[in-house]
């Protein structure tokens, strides 16, 4: 689907850039002691039973921050008068909302109206990845919840799986993230699954002539075709990091370097000198600096366009504005 470039730029323009004033570590120490432990306990309850929830919870935080900043707007339900972000096509496969709601319910019992849903989501994403033995990063707190959630903004502003490197770098730059953040955060694809519909055009109809993306490893194409049997397959899911999709590690970069990145946006990392160099470095060193780099980029992402002070609100329930 093609969108006018002017409309795309106008919608990007309404995303607040990094404004992390008011965020700090231990923000709730006095107003809700033990808040972070409550979130970690709720997250552990679910991840210990379903570790594959870690990937969609990480993705949920990413999708929240790229639309209006990290304000919990991805958690809001649509109403009869408004289609919210949650119903945009890229968000229809999100899972794990029950983890956010469980943590919020516990916190509302202990400290009513104190801890924001935006902070809970940021903590849950970090804790979920840490619990599956992935990297741990600091999460300064103090975000407030947004009151606006618009489906079209998610459709326009979330980096699509078919994006080229120019589009990816522009979308990341629009929220204050650079090329290194792009290639590092793409490494989140080391865990999780994808529906065939996110990449079947690469293997069945790349240029509209029934062809395959020539940049893709032929053996990998054959393997994907055996799982996704037609371009119209919308139900089947496949591992994004075959053989290692439950383990947070640097194997993603080895696959991309071998032209086995699942999405066009993965393959695109080889089309820029800086991102390609990072892919090659991590592939050769078995992800030697990946955990450290991922932690740094996640903390940076978590500061995008935050609402603090008297902006926004503290929702009583994460799926509804007060």
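Placed from the backbone N, Cα and C atoms, the Cβ positions cover glycine too.
The signal peptide feature in TrEMBL is assigned to 1-20. What TrEMBL lists as domain 'Plant heme peroxidase family profile' is 22-322. Among the features that TrEMBL reports, disulfide bond is placed at 32-111, 65-70, 117-318, 196-228. TrEMBL lists 59 with the feature site 'Transition state stabilizer'. According to TrEMBL, the active site, proton acceptor annotation covers 63. The substrate binding site annotation in TrEMBL covers 159. Residues or ranges marked as heme b binding site by TrEMBL: 189. Residues or ranges marked as Ca(2+) 2 binding site by TrEMBL: 190, 241, 249.
Ranking the disulfide-bonded residues 32, 70, 117, 196 by other CB atoms within 10 A of the CB puts 32 at the bottom. Ranking the recorded positions 32, 70, 111, 159 by the distance of their Cα atoms from the Cα of residue 241 (Ca(2+) 2 binding site) places 159 first.
When pLDDT is averaged over the domain 'Plant heme peroxidase family profile' (22-322), the result is 96. Residue 63 (active site, proton acceptor) counts 23 other C-beta atoms within 10 Å of its own C-beta, drawing on all protein chains shown. Distance between Cα atoms for residue 189 (heme b binding site) and residue 59 (site 'Transition state stabilizer'): 9 Å, as a whole number. With a 10 A radius on its CB, residue 249 (Ca(2+) 2 binding site) counts 18 other CB atoms from all the protein chains. Between residue 196 (disulfide bond) and residue 190 (Ca(2+) 2 binding site), the C-alpha separation comes to 17 Å. Closest in space to residue 117 (disulfide bond), of the recorded positions given as 63, 159, 190, is 63, taking the CA atom of each residue. When Cα-Cα distances from residue 249 (Ca(2+) 2 binding site) are compared across the disulfide-bonded residues 65, 70, 111, 228, 318, the shortest belongs to 65. Contacts of residue 65 (disulfide bond) defined by a Cβ separation under 8 A and a same-chain sequence distance of 6+ are given as 175, 301, 302, 304, 305, in order along the sequence.
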